[in-house]
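*Asks:* I have a structure I would like to understand better, so I am pasting it below and will then ask my questions one at a time.
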Amino acid sequence: MEASHAAFAAPAPTVSPVTPAVGYLFLMFREYQDNSVIVAHYNYTGKLTGNKYRNGLKPEAIVFLVICLLIVLENAVVLVAIWKNKKFHLPMYYLLGNLTLSDLLAGFTYMVNLVTSGANTLRLTPVLWFLREGGVFITLAASVISLLAIAIERHVTMVRMKPYQGAKRGRMFGLIGASWVVAALLGVLPIAGWNCMGGLEGCSTVLPLYAKSYLLFCVSVFIGILLAIVVLYARIFRIVKSNTQRLGGGRRHRLRRATQGRGPQVAEVPGAAEDGHHCAGRLHRLLAAALLAPARRRLLPARRVQRALQGRLLPGRGHRQLPAQPHHLHAHQQGHAPRYHPAAVPALPVD
């Protein structure tokens with residue numbers, strides 16, 4: 001009887017052993033949904049001693065809300081301008097648009113942080129708390145890394161000395177994608193396990209669920225990014241300065257060569273004696289013609305009178321009888337010819 005009962009008895013269910021990793025995940029998931037964890041951490045850091053988490057929004061929180069709203073609106077206007085203006089649809093404006101978008105999201109996430117802070121903080125679960133703080137970290141990190149991406153792109157452009165082209169579009173998208181990936185990794189590290197849940201002694205007093213080591217790591221990363229930006233812009237300044245000096249030296253060298261090239265030409269002018277005397281002779285003849293022009297104009301009426309006398313024309317009443325040869329024409333008969341060459345005198349108008 002007992003043997004038959006033992007034969008038909010159902011086998012006992014086998015329980016699969018729980019690995020430590022799976023058990024840790026279950027424990028972490030259960031703690032992420034427990035609101036008492038928030039209260040315990042805030043109480044341990046001494047944040048529950050005052051009335052900050054018992055009333056609504058403080059006046060300073062309202063001021064920060066207004067500032068964040070202005071930041072969001074300003075960046076939204078910039079994004080709309082970039083989107084509607086076809087002139088800004090170039091690779092060089094992609095990083096600027098990414099920086100504007102990250103600043104807009106940073107202002108929005110900080111507004112959400114302010115609204116859910118205060119008394120609303122104690123109503124949050126750890127997973128919601130990590131999402132609230134992680135959103136701020138991600139957007140701020142994206143904004144800072146976008147500044148680094150802009151500095152990298154400008155440095156590459158100055159080194160290669162090439163303007164923005166369509167081939168740079170892939171590099172722009174690569175920098176934008178890398179900035180958001182790095183920012184997301186920094187933001188999700190606490191919710192992935194780098195926190196102080198289960199170890200209150202390692203919690204930060206500013207952010208009670210964040211580990212001190214994580215905050216120190218983030219601060220180190222941000223300082224490193226800012227130092228890299230400073231180094232890149234310093235190198236850009238050196239490149240621009242060296243190029244300016246090189247261009248200035250090239251201009252001075254060309255000016256020196258041009259001056260040296262003109263030197264022999266200037267030195268050869270005094271040596272051209274024959275051409276100089278020829279030009280001086282022409283100048284003297286022109287001056288003589290200009291000085292003798294009034295006298296010649298005065299001589300022309302006398303010649304008319306001489307031709308009139310030779311044609312047996314009598315002078316009118318009140319005029320003297322002129323001799324056959326005017327006195328100013330005797331100089332030609334005596335051999336005193338004028339010193340200027342007649343062919344050199346230009347044709348003058350006859351009165």
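For all residues, glycine too, the Cβ spot is worked out from N, Cα and C.
TrEMBL annotations: computationally assigned, not manually curated.
According to TrEMBL, the transmembrane segment annotation covers 61-83, 95-115, 135-152, 173-194, 214-236. Feature annotation from TrEMBL assigns domain 'G-protein coupled receptors family 1 profile' to 74-260. According to TrEMBL, the region 'Disordered' annotation covers 248-268, 312-340. Per TrEMBL, the feature compositional bias 'Basic residues' maps to 249-259.
Can you tell me where each of these features sits in this structure?
*Replies:* Proximity of distant same-chain residues to the transmembrane segment (95-115), defined by a Cβ-Cβ separation under 8 Å and at least 6 residues beyond the stretch ends, is recorded for 57, 61, 64-65, 68-69, 71-72, 75-76, 78-79, 82, 88, 132-133, 135-136, 138-140, 142-143, 146-147, 149-150, 153, 172, 175-176, 179, 183.
Sequence-remote contacts of a segment are chain residues at least 6 beyond its ends whose Cβ falls under 8 Å from one of its Cβ atoms, and for the transmembrane segment (135-152) they are 95-96, 98-99, 102-103, 105-106, 108-110, 112-113, 175-176, 178-180, 182-184, 186-188, 218, 221-222, 225-226, 228-229, 232-233, 236.
Within its own chain, the transmembrane segment (173-194) is flanked in space by residues 28, 94-95, 98, 102, 127, 130-131, 133-135, 137-139, 141-142, 145-146, 148-149, 152-153, 209-211, 213-214, 218, 221, which lie at least six positions past its ends and keep a Cβ under 8 Å from the stretch.
Taking Cβ pairs closer than 8 Å, the transmembrane segment (214-236) reaches residues 137, 141, 144-145, 147-148, 151-152, 154-155, 158, 186, 189-190, 194-195, 204, 206-207 in its own chain, all 6 or more past its ends.
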*Asks:* Sequence-remote contacts (6 or more beyond its ends) of the transmembrane segment (61-83), Cβ cut-off under 8 Å?
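*Replies:* Non-local partners: 93, 96-97, 100-101, 103-104, 106-108, 110-111, 114-115, 117-118.
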